[in-house]
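Participant: Structure in structure tokens, see below.
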């Protein structure tokens, strides 16, 4: 049961014991699925129960583009509006910084659910290049959801989210990008036996619950 797998993974992580507080190598679960599949919502539910940290690549990028002093803000904004994937170096630097800051504050928090990454082959190669030996990817948590369900959820969310990309034109571009670029990454991990699949088309409260086996 994958929720228990995540839970045991997060609870097994040892705390830092050395005098200089050298950080434990983080355990990572990549969380992938189309826009509107419920990745962020379900990660929040997992975090409520188990000792792990949810990092959303998309949220980190949106926060960075809104930061007045950011040198990458305008570039990130342009990519997001076009439904394109932001250059990998920017995303990985934000993820690495967030993990480091989390572990510096609490050395026992060494399990991370990374939501919305890697989104394409370039992302994966970039992660391997930068993070090889610095973090251990345990598996991919894949939220499988139909296109129309995803679009309808995002359009409904867009009524109150304030997100500029929660409109049909941007969504269709994002879903096309997801199908062409992200699905092959999921399939690659499937061949390695490192994918846990969730039927994300079901209502939010039913997609993940303790004891459920997808």
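Backbone N, Cα and C define each Cβ position, glycine as well.
Computed from a predicted structure; not experimentally measured.
Take a look at what TrEMBL says about it:
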- 36, 37, 38, 39, 40, 41, 157, 202: ATP binding site (BINDING)
- 56-86: region 'NMPbind' (REGION)
- 62, 84, 85, 86, 116, 117, 118, 119, 163, 174: ribonucleoside 5'-phosphate binding site (BINDING)
- 123: CMP binding site (BINDING)
- 156-166: region 'LID' (REGION)
Participant: What number of additional C-beta atoms lies within 10 angstroms of the C-beta atom of residue 157 (ATP binding site)?
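Facilitator: Result for residue 157 (ATP binding site): 15 other Cβ atoms within 10 Å.
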Participant: Can you tell which of the binding-site residues (36, 38, 40, 118) has the fewest other C-beta atoms within 10 angstroms of its C-beta?
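Facilitator: Output over binding-site residues 36, 38, 40, 118: least Cβ neighbours within 10 Å is 40.
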Participant: Can you give me the average pLDDT across the region 'NMPbind' (56-86), rounded to a whole number?
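Facilitator: In the predicted model, the region 'NMPbind' (56-86) has a mean pLDDT of 90.
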Participant: Which one is it: of the binding-site residues 39, 202, which Cβ has the fewest other Cβ atoms within 10 Å in this structure?
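Facilitator: Least crowded of the binding-site residues 39, 202, by Cβ count within 10 Å, is 202.
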Participant: Hey, of 37, 38, 39, 40, 123, which of those binding-site residues are within 10 Å of residue 116 (ribonucleoside 5'-phosphate binding site), Cα to Cα?
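Facilitator: Passing the 10 Å Cα cut: 39, 40.
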Participant: C-alpha of residue 85 (ribonucleoside 5'-phosphate binding site) to C-alpha of residue 202 (ATP binding site): distance in Å?
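Facilitator: With the alpha carbons as reference points, the distance is 27 Å.
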Participant: How many other Cβ atoms are found within 10 Å of the Cβ atom of the residue listed as 'CMP binding site', counting all protein chains shown?
Facilitator: 23
Participant: Within 10 Å of residue 157 (ATP binding site) (Cα to Cα), which of the binding-site residues 62, 118, 123 do you find?
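Facilitator: Those close enough: none at all.
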Participant: Just to verify a number: CA distance, residue 41 (ATP binding site) to residue 118 (ribonucleoside 5'-phosphate binding site), in angstrom, no decimals.
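Facilitator: Distance (Cα to Cα, whole Å): 19 Å.
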